[in-house]
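The feature active site is assigned by TrEMBL to Asp539. The feature N-acyl-D-mannosamine binding site is assigned by TrEMBL to Arg499, Thr511, Asp539, Glu588, His591, Glu610. The Zn(2+) binding site feature in TrEMBL is assigned to His591, Cys601, Cys603, Cys608. The domain 'UDP-N-acetylglucosamine 2-epimerase' annotation in TrEMBL covers 60-397.
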Amino acid sequence: PPPPLFQEVYFKNLSKQKQKEVMEKNGKNHKLRVCVATCNRADYSKLAPIMFGIKAEPQFFELDVVVLGSHLIDDYGNTYRMIEQDDFDIHTRLHTIVRGEDEAAMVESVGLALVKLPDVLNRLKPDIMIVHGDRFDALALATSAALMNIRILHIEGGEVSGTIDDSIRHAITKLAHYHVCCTRSAEQHLIAMCEDHDRILLAGCPSYDKLLSAKNKDYMSIIRMWLGDDVKTRDYIVALQHPVTTDIKHSIKMFELTLDALISFNKRTLVLFPNVDAGDKEMVRVMRKKGIEHHPNFRAVKHVPFDQFIQLVAHAGCMIGNSSCGVREVGAFGTPVINLGTRQTGRETGENVLHVRDADTQDKILHALQLQFGKQYPCSKIYGDGNAVPRILKFLKSIDLKEPLQKKFCFPPVKDNISQDIDHILETQSALAVDLGGTNLRVAIVSMKGEIVKKYTQLNPKTYEDRLELILRMCVEAASEAVNVNCRILGVGISTGGRVNPREGIVLHSTKLIQEWSSVDLRTPVSDALHLPVWVDNDGNCAALAERKFGHGKGIENFVTLITGTGIGGGIVHQHELIHGSSFCAAELGHIVVSLDGPECLCGSQGCIEAYASGIALQREAKKLHDEDLLLVEGMSMKKEEVVSAAHLIQAAKLGNTKADSILRTAGTALGLGIVNILHTMNPSLVILSGVLASHYVNAVKDVINRQALSSVKTVDVVVSNLADPALLGAASLVLDYTTRRIY
C-alpha cells in the first residue's frame, strides 16, 4: 500500500456510489472536456502523464491540448514536437513569447497570451482547464480561464521556492477551483491560504509515475548519444541553471562562476540552455563567451526529451544548477545535487541536495563539486510514490459540474472583530507606552501624533515580582482609561534599561540601576493580561525611535541619539533602520572607553563615557567636593538632609566654582571624544543629545569634534533633542511604526 504521505485524502470517504451520483448529475453521456495547456518542456514533463491517463479513458474524458510559450521557439528546441511524438493532437498553437531580455518582456508575454487565449477558450468551451506550476505563462492561462468562468485544476500549488515564482504560484492558487499538491507541507500551505480542504488532493508529483519505473531501462545508448562514447556512468555532470528574475545580475554572475568551476573540475558535462526568462539571453552569451559550445568537456543543448533526461540524471555523477528538477525529481534516484542560489529556497529536499546559497568565488562551487561528485544517496520519495495519475483521474471524475462555480474560501475565525461604526472611526489610534527607569515606572497613552494623552507615574519597585505586578496593574488601568478619553490602543511598547532581545520581548541583562531584571520575559505576561501585541526594546534604542518618528531624526537616513541622564545610553539609526547588533548589544554608547586609566564604571570597566559624563558620575564628583567643603560658593545653600546631586555641581559651576566647572568640562570632553569615535565608525549626518544634561554638554561636544575629528566628519550637526519625553515616545513608536506598516 502507498505510504501515509500519499494516502488518498480526498477520497477516503468517497464511495463508489458517490462517484456514480456525480456522473449522473453531470449527465450520463457527458464526458468531462479537459483542456491541458502546456507552456514549456518542464511543465510538459508533469502534465504528460496526466494527458496519457486522460487519453486512455475516452469513455470519461475528451482531451484538448493547447501549446504556447517556449514550446514554439526554435532557440529552445521547438519542444512542441515531443508532444506530437507522444501522439497527442495539438488543438491550438499560440505564439505568446515577446522576445526581450528584461522583466518587461515577461510582462508583455503575459499580456499577449491574455489577448489570444479568450478566442481559443471560447471555441473549446472546456469543462475544466489543467494548469501547472508557477510560470508567467501559467498565470495568463489561469487568469483567462477564471474570468471566463472555466474551472481550473492547479497542479503543484502550495509549494515554496523563494523567488517571484512563489507569488505567481500563490496567485494561481487563488484563481484555481481545485488543487493537486505533491507533499503534505504543500497541502497544509493550501489550507493555511484558506483553500477548501475538500477541493485539495494530495496525490504526489505526476512525473514520479514515470521516474520510478524508468531507471532500469537501457540507458548507456542515451548517455553515449548526448555525452560521447567514452563516458561512463557516474562520471559526468548535468548542469541546468536559470536566471533569477528578482536578481538577474547576481544570478548571471553565479552562472559565470559555475561554468568556471565546471571547467576547472574537468569532467564531461551536459549543459542545458535556460528557461525563457528575463536574463536568459545574457546567460547564453556567458556560455558562448566562455566557449562552452566548443569545449571538449562540454555538450550544450537546448532540449533533451524527458524520458532521456530521466536516464541522464539518474546515472550522473552529479547535477548542478537551480532547477526545481534538481531538488524534486532527481531525489528519486539518489543522484547528488548541488543547488545554487535562492531560486529553490524553501523547497523540501532529500539528503542528496547540497545548497550553495551564495558564491562570491568559483572555489565554493568547486569545493561543493568535490564533496558531491560520484556519491550515491538513498532514493527519496518526498514528492511522489508513482501513483499520482490514478488519483488525479479519480479526482477529475468526482467533480460535480452542477456545483456553483464561485469558489469558497475557508477563513479561520478572527477574534474581537470590530465592525466599522462612527465611534470606532473617530477614536484616536494610540499606543500604551511603558518606561522602566532606574527610579520611576511610567505608563502613558500616546497618540499617533506623539501627544501624551494621559500619564501615570509610580516608584519602580526593587523586586521582580512587585515590579511586574505594578506594570500589569498600571497598564490595565491605563487601557481602561483609554476608552474614556476616546483612544483605541493598538499595542503596548515597553522601554527598559539593559540589553533586550526585541524579537522575543525578553530583557537579557539589566543595568545595576534596575535590580532583579535579567532573563525577564515581558511580552508574554503583558500580552496575556491586555490581549494586545507587545514590543520591548532598550531605552536608548527607544529614544532613537522617538527622534526618528517625532523629533530631529524624522526623514534623516543616518543619525545617532545619545541619552545623557542617570546613565549614558543611545541608539543608532542607519539607512532609516535601527541597529540592534548580532547579540542585541549595539549602541551601548555609554560604555565606549575614552581613557584607559579613568574612573571605574558601573559596568566594571574603567574610563567609559558613563564614568565621566553620567548623572551618577557627576553626583560622585559633587559629593567629593562637598566632603572637602569645595562645592558650595556664594549664592548656594543646602539643607542639612538634602542629598548632593549633579544639579548642585552644575549650579556651582554656573556661580563661578572653578573646580566644578573643570569637572563639567572633563565630562563634556569625554562625551565629545566618544562621539568622535562614533563619527569615525558610523559617519552619521546628525547627532542628537537627549536627556537632562544634554544642554550642558552640547557646546563642549562641538568643540571636541572641531578639534579632534577628521575634517570629513566635522560638518555633522549636533543638536539638543526637543522632545519632552523621548523614552515614552520611543516606546510608543515601537507600536505606532509597526501598525502604520513601517518595517521594524
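Positions of Cβ are set from backbone N, Cα and C atoms, glycine also.
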Return the member of Thr511, Asp539, Glu588, Glu610 nearest to Cys601 (Zn(2+) binding site) in space, with distance defined Cα to Cα and candidates limited to these recorded positions.
Glu610
For the recorded Zn(2+) site, whose residues are His591, Cys601, Cys603, Cys608, find every other residue on that chain with a C-beta no more than 8 angstroms from the centre of their C-beta atoms, and list them by sequence position.
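Residues close to the Zn(2+) site, other than His591, Cys601, Cys603, Cys608: Gly590, Val593, Leu602, Gly604, Ser605, Ile609, Glu610, Ala611.
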Which residue, of the recorded positions Asp539, Glu588, Glu610, has its CB surrounded by the fewest other CB atoms within 10 A?
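Relative to the other recorded positions in Asp539, Glu588, Glu610, Glu588 has the fewest Cβ atoms within 10 Å.
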Work out how many Å separate Thr511 (N-acyl-D-mannosamine binding site) and Cys603 (Zn(2+) binding site) at their Cα atoms, rounded off.
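Roughly 8 Å, rounded to the nearest whole number.
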Identify all same-chain residues not among Arg499, Thr511, Asp539, Glu588, His591, Glu610 whose C-beta atom falls within 8 angstroms of the centroid of the N-acyl-D-mannosamine site's C-beta atoms; report them in sequence order.
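Result: Gly497, Gly498, Asn538, Gly540, Gly567, Ile568, Gly569, Gly590, Cys603.
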Could you give the Cα-Cα distance between His591 (N-acyl-D-mannosamine binding site) and Cys603 (Zn(2+) binding site), in whole Å?
8
Measuring CB to CB from Cys603 (Zn(2+) binding site), give everything in the same chain under 8 Å that is also at least six residues away in sequence.
His591, Glu610
By Cβ count within 10 Å, point out the most packed of the binding-site residues listed: Cys601, Cys608.
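Comparing the binding-site residues Cys601, Cys608, the most crowded Cβ belongs to Cys608.
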Return the maximum Cα to Cα distance in Å (whole number) over the record's N-acyl-D-mannosamine-binding residues: Arg499, Thr511, Asp539, Glu588, His591, Glu610.
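In whole numbers, the farthest two Cα atoms are 16 Å apart.
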Once near-sequence residues are set aside, which residues in the chain of Arg499 (N-acyl-D-mannosamine binding site), 6 or more away, have Cβ atoms under 8 Å from its Cβ?
Val507, Leu508, His509, Ser510, Asn538, Ser583, Phe584, Cys585, Glu588
Between Asp539 (active site) and Cys608 (Zn(2+) binding site), find the distance joining the two CA atoms and give it rounded to the nearest Å.
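So the alpha carbons of Asp539 (active site) and Cys608 (Zn(2+) binding site) sit roughly 19 Å from each other.
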